[in-house]
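See structure below.
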Amino acid sequence: MGFCRSALHPLSLLVQAIMLAMTLALGTLPAFLPCELQPHGLVNCNWLFLKSVPHFSMAAPRGNVTSLSLSSNRIHHLHDSDFAHLPSLRHLNLKWNCPPVGLSPMHFPCHMTIEPSTFLAVPTLEELNLSYNNIMTVPALPKSLISLSLSHTNILMLDSASLAGLHALRFLFMDGNCYYKNPCRQALEVAPGALLGLGNLTHLSLKYNNLTVVPRNLPSSLEYLLLSYNRIVKLAPEDLANLTALRVLDVGGNCRRCDHAPNPCMECPRHFPQLHPDTFSHLSRLEGLVLKDSSLSWLNASWFRGLGNLRVLDLSENFLYKCITKTKAFQGLTQLRKLNLSFNYQKRVSFAHLSLAPSFGSLVALKELDMHGIFFRSLDETTLRPLARLPMLQTLRLQMNFINQAQLGIFRAFPGLRYVDLSDNRISGASELTATMGEADGGEKVWLQPGDLAPAPVDTPSSEDFRPNCSTLNFTLDLSRNNLVTVQPEMFAQLSHLQCLRLSHNCISQAVNGSQFLPLTGLQVLDLSHNKLDLYHEHSFTELPRLEALDLSYNSQPFGMQGVGHNFSFVAHLRTLRHLSLAHNNIHSQVSQQLCSTSLRALDFSGNALGHMWAEGDLYLHFFQGLSGLIWLDLSQNRLHTLLPQTLRNLPKSLQVLRLRDNYLAFFKWWSLHFLPKLEVLDLAGNQLKALTNGSLPAGTRLRRLDVSCNSISFVAPGFFSKAKELRELNLSANALKTVDHSWFGPLASALQILDVSANPLHCACGAAFMDFLLEVQAAVPGLPSRVKCGSPGQLQGLSIFAQDLRLCLDEALSWDCFALSLLAVALGLGVPMLHHLCGWDLWYCFHLCLAWLPWRGRQSGRDEDALPYDAFVVFDKTQSAVADWVYNELRGQLEECRGRWALRLCLEERDWLPGKTLFENLWASVYGSRKTLFVLAHTDRVSGLLRASFLLAQQRLLEDRKDVVVLVILSPDGRRSRYVRLRQRLCRQSVLLWPHQPSGQRSFWAQLGMALTRDNHHFYNRNFCQGPTAE
């Protein structure tokens, strides 16, 4: 026995060595399975549902790993040796592995255990993120740590021992350890001097921790201190003592304004907050101060004394609606760049007018002013007069103020203004404002309803990625989501320098004729999406000589009016137009037969009905041919079922990008791409392609990117991509591919930069050919270890293709099949000769004797004799056109054409009755020559003529042959009221079928009807009432 063991051990070692050699010869697996190696030494293990830290193989270049991300897994225990094998690790992300109960999506209890030397074993670690984990104490940390995040944990105590020795620490984040989503019975406790030993700490964030005082003895090196949304309602100079290096201080949300709170809120106590006049006076280096949501109703000028370097001041969500008309607190803030005063409204009040305090004029360095949500109804030159003298003001936000009267010409007086946002107001047109309107501190007030304070709707998807970005232009005016019904030239008087105008989401329903924008001679970008424009005039928009981008998307209402024509000839007159969007207008007919432009480079025509237009013969076949310089064309969501070669032939030859996403294309003539010699990008995602056949990509094509994702592709012809020598990016994701073959690509495979095959049901059989190919091009396959998954066999479904090495695995099913076949062959080889020799004649006699007694043998001859020419005789009232149409188009098609080899033979009066015979002879032959008689009825209350005669013959057959051959199909819901129908439903329910009026039920109806016509009604009778007719 010992000898056998000693002999087998070297043999097993030899087998293992051979297997290892085969593995190395077949190709190299991804180094960091199941994770993915990304640029700059990052190993990404996010969202892999890991329960432990993966230990990578010795062959992996572990020394090159500088960042490891294990976010959003299920790791509950960290061992001492988990990261010791990564000697160069600098960044480690472990967030969202074991969240506290309140933050868990399913509120499951969880606790993370960290062994003492887990992080000490990584002496190079610089950044550690333990946020969103249920840990109670700060673990032991290496001295090399620079950034530490312990936010949204259950750590409620910080003392000098917690962070001892972390002299290199510069960033410490401990937000959300005690608040309404992560509740606790106490506040975060920071012992005095607990952080004093962190001599290099520059960033400290303690937001959402129920703190009532500023932690004492903070390190003097702090530059950023974030204490917002705690309960600190008193601030004095000693609270921020020694923090002379502070650059950013956030103490907002500590004494909240609850009428505007989007989450649970505690009202600020009366006569609070209390800020000492000298609270910030010693912070001479302060650049950013946040006092938002602090229930401030006035500003003390001494608060800002000594803050000569202040650049950003956030005073939003307070009660400063009157203060900003009188305050002198801004006089010394000469370096202020950004000021936020949004949502400083008086509860339930809208002021008639607002005049800013003269002290705003001293903000000579101000670049951005946010004043949305203050609620005043008129805007004129007196409103913003102090701002007109500010040379550096670039951005002014005035949205959501209920402004209904606005003099837009006042912005000409602002020398450096680049962006004005007046969206989400109630501006309805040009207005003449008087100078006697009420002021914010004592004028006319309108009480608001609660619904008026609802947030603005989120923008729907538009052509933002299509048109040029207005941020690069000199002056932009946003008037979207107002109450504009018409556009008048007077609105834009003195705005000739305006370059970008947004008028989307209004109610503009006029016919533009070339006079609406006359003053805007410098306009380059015009957004008129989500309106109701009538494009009828030939000279629309021709008053804009510099217009480059025009967005007319989502103006579908005029195009839906029957009989009204629409004129696109204005496009030819816009000599500088380069970008045009006509998307989502449901354009389908009665428009210009051709678009013409020599300057247009990009056209968005998605969301229309081009499939209907091209179905109208040659009327719109040349619709895009006049766009001689077009480069980018989007025809997505145009209900295209086919794309014929002559259609591509009539597209502009200059096209480089063609998008055909989300149509109904089931096939594509790939050879027709040679009609577009400059095409580089083709997007066919979201169609109904079943296979990539019909030839291959043509030779000489310049196609660089092809997207056929989200189709139903299950087959690709060999060599399909091989002729496209310049193809570099190919997206085959979300299809029905079971393999990926090297023969599809040929020599092109090595040149691919992106090959996306994720979300395909790959068949992970042993020796799968696609494994070797994907390993060859693994650098081009995004998410290869985690996103490329098996679809079959069942035990590997949904798992990574690397769940086991498919090149070396043993196919158990095949092994069992081979064993069974070999066993059967041996048994037959031994048994058959032996039985033949011993009792051959007896076996032959018994075989034929049993064969003669088999039941089906006796029935076969009778069945041939009783064979009938038809399976069913269909009887219906021909005078009812709807019933006749249903029979000929629906019933006949489903039973004779759609059932394949199981098709039924129907007898129809107008098709199968023999001429020359009498009506009764044909009727008799049809009833007695069919297995069933099918009555199709719209109503059952009045049955006569052929229907009545056929029913009487069927009943006669019941009496003579004792065979019930009646099957009823009732098309109207009222038909079931007949007493006969109700009685028959009770006795033989499956022979009475009701046509479903919901499409979802029609498939079941045809299945039930097929069963009723192929089986004897005797089997359908309810045995509780009767046994049904039986033959004697």
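Backbone N, Cα and C define each Cβ position, glycine as well.
Sequence annotations record features per position, and here Swiss-Prot assigns signal peptide to 1-25. If you look up Swiss-Prot, you'll see Cys35-Cys45, Cys98-Cys110, Cys178-Cys184, Cys255-Cys268, Cys258-Cys265, Cys470-Cys500, Cys764-Cys790, Cys766-Cys809 marked as disulfide bond, on the strength of similarity to another entry. Residues or ranges marked as DNA binding site in Swiss-Prot (evidence: similarity to another entry): 47-51, 72-77, 95-109, Tyr132, 179-181, Tyr208. Feature annotation from Swiss-Prot assigns repeat 'LRR 1' to 62-85. Marked as N-linked glycosylation site by Swiss-Prot: Asn64, Asn129, Asn200, Asn210, Asn242, Asn300, Asn340, Asn469, Asn474, Asn513, Asn567, Asn694 (among others). Taken from Swiss-Prot, the feature repeat 'LRR 2' covers 87-110. Swiss-Prot lists 150-166 with the feature repeat 'LRR 4'. The feature repeat 'LRR 6' is assigned by Swiss-Prot to 198-221. Swiss-Prot lists Cys258, Cys265 with the feature S-palmitoyl cysteine. Residues annotated as repeat 'LRR 9' in Swiss-Prot: 283-306. Residues or ranges marked as repeat 'LRR 10' in Swiss-Prot: 308-332. Residues or ranges marked as repeat 'LRR 11' by Swiss-Prot: 333-356. For 390-413, the entry in Swiss-Prot reads repeat 'LRR 13'. Look at Swiss-Prot and you will find 415-440 tagged as repeat 'LRR 14'. Under the heading repeat 'LRR 18', Swiss-Prot lists 545-572. Look at Swiss-Prot and you will find 574-598 tagged as repeat 'LRR 19'. Summarising the annotation, Swiss-Prot assigns repeat 'LRR 26' to 749-772. As annotated by Swiss-Prot, topological domain 'Cytoplasmic' applies to 840-1032, with the evidence given as sequence analysis. Sequence annotations record features per position, and here Swiss-Prot assigns domain 'TIR' to 868-1013.
Structural mapping of features recorded in Swiss-Prot.
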residue	record	CB count, 10 Å
Trp47	DNA binding site	12
Phe108	DNA binding site	9
Asn129	N-linked glycosylation site	21
Tyr180	DNA binding site	13
Asn210	N-linked glycosylation site	18
Cys265	disulfide bond	16
Asn474	N-linked glycosylation site	16
Asn513	N-linked glycosylation site	16
Asn567	N-linked glycosylation site	16
Asn694	N-linked glycosylation site	13
Candidates Trp47, Ile75, Tyr180 (binding-site residues) - the one closest to Cys766 (disulfide bond) by CA:
Trp47
Could you tell me which three-state DSSP class Cys98 (disulfide bond) falls into?
strand
Trp47, Ile75, Tyr180 filtered to the binding-site residues whose C-alpha is within 10 Å of Cys265 (disulfide bond):
Tyr180
Which site among Ser104, Asn340 has the most other CB atoms no more than 10 Å from its CB, taking these as recorded positions?
Asn340
Do you know the DSSP helix, strand and coil residue counts for the repeat 'LRR 18' (545-572)?
8 helix, 4 strand, 16 coil
DSSP-wise, what's the residue breakdown of the repeat 'LRR 6' (198-221) into helix, strand and coil?
0 helix, 3 strand, 21 coil
How far is it from Cys470 (disulfide bond) to Asn340 (N-linked glycosylation site), counting Cα to Cα, in Å?
22
With helix taken as DSSP H, G or I, strand as E or B and everything else coil, how many residues of the repeat 'LRR 4' (150-166) land in each class?
0 helix, 2 strand, 15 coil
Could you put numbers on the helix, strand and coil content of the domain 'TIR' (868-1013), residue by residue per DSSP?
82 helix, 25 strand, 39 coil
Is the repeat 'LRR 2' (87-110) packed against any residues at least 6 beyond its ends, judged by a Cβ distance under 8 Å, and which are they?
41-42, 62-76, 78, 119, 122, 124-134, 149, 152-154, 181-183
Other than its close neighbours in sequence, what residues sit by the repeat 'LRR 11' (333-356), given a CB gap under 8 Å and a spacing of at least six beyond its ends?
259-260, 292, 304, 307-322, 324-325, 362-378, 380, 382-387, 397, 402, 437-440, 443-448, 452
Go through Cys178, Cys255, Cys258, Cys766, the listed disulfide-bonded residues, and name the one with the sparsest Cβ surroundings, counting other Cβ atoms within 10 Å.
Cys258
Using Cys790 (disulfide bond) as the reference point, find which of the recorded positions Trp47, Cys110, Tyr180, Cys258 has the shortest Cα-to-Cα distance to it.
Trp47
Let me know how many other Cβ atoms fall within 10 Å of the Cβ of Pro100 (DNA binding site).
24
Among the recorded positions Cys35, Ile75, Cys184, Cys268, Cys470, whose Cβ has the fewest other Cβ atoms within 10 Å?
Cys184
